[in-house]
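Working notes for the structure below.
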Amino acid sequence: MATAATEEPFPFHGLLPKKETGASSFLCRYPEYDGRGVLIAVLDTGVDPGAPGMQVTTDGKPKIIDIIDTTGSGDVNTATEVEPKDGEIIGLSGRVLKIPANWTNPLGKYHIGIKNGYDFYPKALKERIQKERKEKIWDPIHRVALAEACRKQEEFDIANNGSSQANKLIKEELQSQVELLNSFEKKYSDPGPVYDCLVWHDGETWRACVDSNENGDLSKCAVLRNYKEAQEYSSFGTAEMLNYSVNIYDDGNLLSIVTSGGAHGTHVASIAAGHFPEEPERNGVAPGAQILSIKIGDTRLSTMETGTGLIRAMIEVINHKCDLVNYSYGEATHWPNSGRICEVINEAVWKHNTIYVSSAGNNGPCLSTVGCPGGTTSSVIGVGAYVSPDMMVAEYSLREKLPANQYTWSSRGPSADGALGVSISAPGGAIASVPNWTLRGTQLMNGTSMSSPNACGGIALVLSGLKANNVDYTVHSVRRALENTAIKADNIEVFAQGHGIIQVDKAYDYLIQNTSFANRLGFTVTVGNNRGIYLRDPVQVAAPSDHGVGIEPVFPENTENSEKISFQLHLALTSNSSWVQCPSHLELMNQCRHINIRVDPRGLREGLHYTEVCGYDIASPNAGPLFRVPITAVIAAKVNESSHYDLAFTDVHFKPGQIRRHFVEVPEGATWAEVTVCSCSSEVSAKFVLHAVQLVKQRAYRSHEFYKFCSLPEKGTLIEAFPVLGGKAIEFCIARWWASLSDVNIDYTISFHGIVCTAPQLNIHASEGINRFDVQSSLKYEDLAPCITLKSWVQTLRPVNAKTRPLGSRDVLPNNRQLYEMVLTYSFHQPKSGEVTPSCPLLCELLYESEFDSQLWIIFDQNKRQMGSGDAYPHQYSLKLEKGDYTIRLQIRHEQISDLDRLKDLPFIVSHRLSNTLSLDIHENHSLALLGKKKSSSLTLPPKYNQPFFVTSLPDDKIPKGAGPGCYLAGSLTLSKTELGKKAGQSAAKRQGKFKKDVIPVHYYLIPPPTKIKNGSKDKEKDSEKEKDLKEEFTEALRDLKIQWMTKLDSTDIYNELKETYPAYLPLYVARLHQLDAEKERMKRLNEIVDAANAVISHIDQTALAVYIAMKTDPRPDAATIKNDMDKQKSTLIDALCRKGCALADHLLHTQPHDGAAAGDAEAKEEEGESTMESLSETYWETTKWTDLFDTKVLIFAYKHALVNKMYGRGLKFATKLVEEKPTKENWKNCIQLMKLLGWTHCASFTENWLPIMYPPDYCVF
């Protein structure tokens, strides 16, 4: 056996499939038509120019003609201009940058900027580098430092048993060092590399240099021009292996550092057009084609596509006159074939003859799961994913070859508006090149992301041949050739494979043979606002229906008017299904003609039915249809009370990859379904996909979708539940995984349940006190246990600023159509550390279908540090924020300023996740709710029985801090008592759970808090009844006014005058202390500060204060007033001690002996220093009697006391606490200095690298 296996040749052809599509046979016939002369734009995560196979084409041209990042994720603001001094400039990082003498810069000015590497590193690379840096740079040094600190602590504990004040401080110092090192290890956070960037003009072109070594020696760094000028690129280092190129915009004021955001884009490009001169068997489908790499996956958003990236990309596609676009991206859309992005794609296709190929999506196996734009946009060729037997062996190493099939996850049509959705299919897996930073040469990936470039490469071969023979083609003729020559697989349904598997050689022959004018045209098919006939809900198939269908020719952009006038087409219309009736002929000219199609689905069996009305040119019927009208009808099964609203299937046989679809009319009143799957096989475990979709108008399929990938063990059972909408058809699909070997038999049951709430959403206003909702059990006996859980509080913001401006050179559509941006600024306070989800309600959940170009928000802290960003899908972009003030900047782009101006007051919301969920009390009748008595627990409802419930308001002490009027609490209502019923109350609409939402949402609107009576206010009211003598009031007011002006005028005379008049008035001495301590010349008046502090301390009866604090309770009637007075005295005493201590410490820290001073002076200074030190020590220990050293007021004094005693561990402990309280750059620098004094250079280095990230010069660019 072993010998036979080793003798069998390796199936190289299955690694990157070309046989299945006819690409191999085409290249055998026409080896010169290998993609030469064809330019493919790859819109993806970016292509690595250093990856294997990405260097040259078969005819020696550069493989990648340009590399562009249209997202802005690699943009660096280089608007700051500087001139070198002595051949050096100071970068924005603070590093000294040495300008090499051989650089040419006639103007002598450099644009500088700064960029954190982790801002544009791919996620996988960032994680790898973080791990490596910790293991190599941090861990070895930190372990030594920690071991040394522990050793010193242990030695001191052994040698010193005494508890003197000096020993106590030393012990605290050593303990602080150990605690700090342990804390730094726990809080370790790698800032990553911080790169200084330079841009300048050498007299001929713009050049850029990135200080990739982070040491300022620019002579060892690459100098690059725009990639398109000379195909130059460099790498950030041998550890990263991340290749980058640059583009310079706006006269040097903006540098774009272009890297790949993930491995996806390079893999896609390698499939389409990779070329290996030495190993041709590894070639992509079209090795002779060139590539334009456009990065549309924004690294800031985990390579999510954005409107900005896509519209800029289409501008570049048009400007570069690309022949083909490959777009292996897409999302579910609420309405197909619409939106600004789709408009720009249509313009590139229809007006500029660019063929746009895109993935259909990976959201199958249910119907109508095609993504946008691949399966929903008329101008785009959507490609499904097919797997062949050779691929199974070569790529997946399956034990046995299975029949060819569509991948289980490949999205299926039709589109929601009736269009077929999937145009063609191609192999959906490959082992191909990936970027160098992955540290691997190739990788297996699968998805419609891989089938799209395979088809795109095949089309490139066709175009290469057409161009070589000067055969004219249009996007319409090429698409028709692909669809009319594709091979249909018998065992794969039309909605999965579309028109079939692409056949390159046959498509080429078709275009050579069919060159008529009619074949160059496109035809728009409309059925009202739809593109096909899609009858899915029960009411739509209950009776025959007539449909008006519009057919209109679409002429290529350069068509002469005379050709339009003379256009006359004689069409034969055919339908191969008896349930569809259509006219037999149509005369078409340059206008939209309408025909009537009658659909009578009454005699159709349960299940799915598809047919087409095809239009043939009677002059060349063998060329296939010129257009098709797709018609889909779904006949749903019915469940009723007699079957207990259940559907049961027993001993159902499943082959590998087999799919069984069940369309069911959901009973009116049903709210969830339960699916039970049981294996009948005792020897085979099997992988299954359970998938259910209900379609709602103008809602994406993911809004009402359930998906579960599961492994079913031998004789095992699986139970799942998901929400449903009553009265509409649902598709439930159970599919055996495509690679799951051996046959298996299973039983499965679908059971419907219904507990209906009168309100689809509960809106509760706190002022109403009691809110009612009614619940009905619609189908069966159901166990109820209603529960309202509040999970977040939502804050609504209004913009504090809105600015509109025209964008730069990258944002101009053809015919000089300038794009504009509006930037709205919002501010909010985060009351405590927690998770937030920012979103723009007006625009969120809209991407391709949005009427605005794009939306992008970035959140900044008060130092302008970027904390996170997000766009159309807010639930993907939750982030954790510490307590503090934050700014959100929201960018919205559009071609019309007037449309942007409408949004200048656009609200924005921030959802704050609650650390602990809150519950609202629910009662079964109004009187119980009114009295706050017995809460509802659980009950059983008979069918059709109605039960009211009453919800009471949330206690005021439960309202989260920071939430107030204008805010609301958000959560959900669950009704069922059973675990499955509760599980169905949460809808995981997308398989990644990104769009998880509540089936019955609850909004609890807040009102102002109750007015609180302050302590002692009653006593003050009584005191106020005793009218003061007016003269006495005037005297006191005059005194207070003089004290106020004393601090402003710095008048010692006023102080002395008041001191004589009011010798026992404590606020006077406090004001004097604060005045002296806040002066600019403070360092010259330290002794006066000490005296002023002593004066304050002497006027406080510390004995009486200590006795009061020791009291457990105060029975006196004016206890509240006494407490306020004592609290103020304690606070004043601590304040005075700290200010005195700081002054003494500053005196010692800044007193330095002068060289050559007289011996007597030196002795006097030494005695003075000892006296000051003694006084400082007394003050320190006195302070510890009254408060904790980590109290905010005491921190600076404790910090300075530690510095005086050269106890840098204690000092650093207090300094880190100061940073937590007030994270200023100066406080961080103090920490860094102490780290260096302690010898912890690794901590200092990492913290220093954090500074330019935490304190950037300005907000980052969009």
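Glycine residues also receive a Cβ, built from the backbone N, Cα and C atoms like all the rest.
Within the list Lys152, Lys401, Lys944, the entry that Swiss-Prot describes as N6-acetyllysine is Lys401. The Cβ of Asp44 (active site, charge relay system) lies under 8 Å from the Cβ of His264, Gly265, Val268, Ala269, Ser293, Ile294, Lys295, Ile296, Gly297, Asn326, Tyr327, Ser328, Tyr329, each of which sits 6+ residues away along the same chain. According to its DSSP assignment, Asp44 (active site, charge relay system) is in a strand.
With respect to Cβ neighbours within 10 Å, the recorded positions Ser449, Ser915 differ, and Ser915 shows the lowest count. Taking CA atoms as the reference points, Ser449 (active site, charge relay system) and Lys401 (N6-acetyllysine) are 23 Å apart.
Once Cβ contacts within 10 Å are tallied over all protein chains shown, the recorded positions His264, Lys401 are led by His264.
Summarising model confidence by region, the domain 'Peptidase S8' (9-508) averages a pLDDT of 95.
Comparing Ser915 (phosphoserine) with Lys401 (N6-acetyllysine), their Cα atoms are 52 Å apart once rounded. Secondary structure from DSSP puts Lys401 (N6-acetyllysine) in coil.
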